[in-house]
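K.L.:
Below are the structure tokens for one structure; questions will follow.
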Amino acid sequence: MKRFYGGLLVVSMCMFLTVYRYVDLNTPVEKPYITAAASVVVTPNTTLPMEWLRITLPDFMKEARNTQEAISGDDIAVVSGLFVEQNVSKEEREPLLTWNRLESLVDNAQSLVNGVDAIKEAGIVWESLVSAVEAKKLVDVNENQTRKGKEELCPQFLSKMNATEADGSSLKLQIPCGLTQGSSITVIGIPDGLVGSFRIDLTGQPLPGEPDPPIIVHYNVRLLGDKSTEDPVIVQNSWTASQDWGAEERCPKFDPDMNKKVDDLDECNKMVGGEINRTSSTSLQSNTSRGVPVAREASKHEKYFPFKQGFLSVATLRVGTEGMQMTVDGKHITSFAFRDTLEPWLVSEIRITGDFRLISILASGLPTSEESEHVVDLEALKSPTLSPLRPLDLVIGVFSTANNFKRRMAVRRTWMQYDDVRSGRVAVRFFVGLHKSPLVNLELWNEARTYGDVQLMPFVDYYSLISWKTLAICIFGTEVDSAKFIMKTDDDAFVRVDEVLLSLSMTNNTRGLIYGLINSDSQPIRNPDSKWYISYEEWPEEKYPPWAHGPGYIVSRDIAESVGKLFKEGNLKMFKLEDVAMGIWIAELTKHGLEPHYENDGRIISDGCKDGYVVAHYQSPAEMTCLWRKYQETKRSLCCREW
């Protein structure tokens, strides 16, 4: 992240000049994208492969269980639609092989934060996706060809110029497919008006029944101060209808010692609010040695603030790993950690209000998929057909979110090209929840059909629900396919598949195996401000059982099978930290006779890359490509330090 900011001023000015060069200043410009497809409702027709043939009610409707607290009567019909049996083609069935096996999640959705909302929202967007897919098929059949000149569903960038609303009160820029790590929003304008204060809000989509959308990031610039100070201040916050405003984060801070780090950068740059010296020529005096008049410099003390009334500012909000970074005129100013359940993929609109004369706004690095007809190496990227007669040595489940198109393509072009993967000895699947945006879901569906390596989850993706994906990987590796070992990793991790297989063979253990970077002495984080905060209600004990770090760990088939069995019996304790959850599940299985064998491997790097790695985490698509090139050239695990 730090390397990015050194050149940000140059990048910002290039953006400014580029926008002025190519965009008519009098015409708001926005790259077109389709919005109608997902709203089309098609009358069911039994000749269509996605038609619903038979409704199978989930267990919570059949049995007198106390689950109405989780799913209300009004939502039962919507949720039941998730698990309708469908007559689909083999190609369309492939992404849904794990789907119905997770139906029992509905019974205990309330056990995790956002669980109930994730399933209810999934019911709504799934119905919309089915309608959109059927509508597209009708169009293709009627025209007998794919529509030429297809507009992008998820554009890579969007821009507007001088685009305030008619009443001059605000600007709104739609973000159809959310934000992802590396996305940035550059705002060029001038604080003006009587007050010169303004706000930038990144909002999501309102939940059904809620008139106002959640505010994922609220960036409030108060040039004349507020009730707490007369000096200019930046206030960062978030808002939801259920929780109202969160705790304010101010810059400059009242207490500089409370300046925490987000992505290794200060929440508030210490220079904001600090004194700066400026000199001015106030009078002339004679140089006593030469008799020459010279300017006498008088010192003026001012406090630094990045925005100034009447002066042009170039401000950029950039999505990092942990939060949002704000730079102004090339200087890092603030960082804002994403609040619990408010994640960047939820952003659907940017709103700018107040005394701010907008010159331009540019959203770039947006998540977008590659159109299959433009992918030169398409066949080499498709998942190989797996033979039911040949058991797999390893299933690798990759956590990914719906709009992380670029990360998935990077994985397909790099370590998924290992011979062991292409030959069918190892199967790799992305486990992806639904998105709240119909456009993203349609892109995801097309991607899943094209490459055959995506497993869709029957819930909307929230970070608090990732242990549901861990469960899904266990089910896929034992019930959908049959593998000796099951591995979990992330879409920003580079995996040396050959080294993993070699290490597993050297353990000479196929039962009770937990292989990874083992943590045998860790405690729950009790700080509510932490992303990994765990309350005493969630975990009352002082320590966790042994667990393996999430970027890359492996369990043997018997453990994965037992996890699936606990789930079917309703005895699987859900825990929001998925890697710790696996450790908790194994500890529970130990009480019932499992003899665990922990294999620690320090070559699994959970916080970046080190030479000799087996798994390297936090790698961008460009870094993944570089690591693959290094491996092909040297057959060694060498990091790309130049990136």
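Quick reminder: no glycine exception, Cβ is built from N, Cα and C everywhere.
Sharing the feature lines straight out of Swiss-Prot:
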TOPO_DOM  1-6  topological domain 'Cytoplasmic'
TRANSMEM  7-23  transmembrane segment
TOPO_DOM  24-643  topological domain 'Lumenal'
CARBOHYD  N45  N-linked glycosylation site
CARBOHYD  N87  N-linked glycosylation site
CARBOHYD  N144  N-linked glycosylation site
CARBOHYD  N162  N-linked glycosylation site
DOMAIN    171-364  domain 'Galectin'
CARBOHYD  N277  N-linked glycosylation site
CARBOHYD  N287  N-linked glycosylation site
CARBOHYD  N508  N-linked glycosylation site
K.L.:
Determine the Cβ neighbour count for N508 (N-linked glycosylation site): the number of other Cβ atoms within 10 Å of its Cβ.
P.N.:
7
K.L.:
Secondary structure at N508 (N-linked glycosylation site) (DSSP, helix/strand/coil)?
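P.N.:
Once the DSSP labels are grouped into three classes, N508 (N-linked glycosylation site) ends up as coil.
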K.L.:
So what pLDDT does the topological domain 'Cytoplasmic' (1-6) average out to?
P.N.:
44
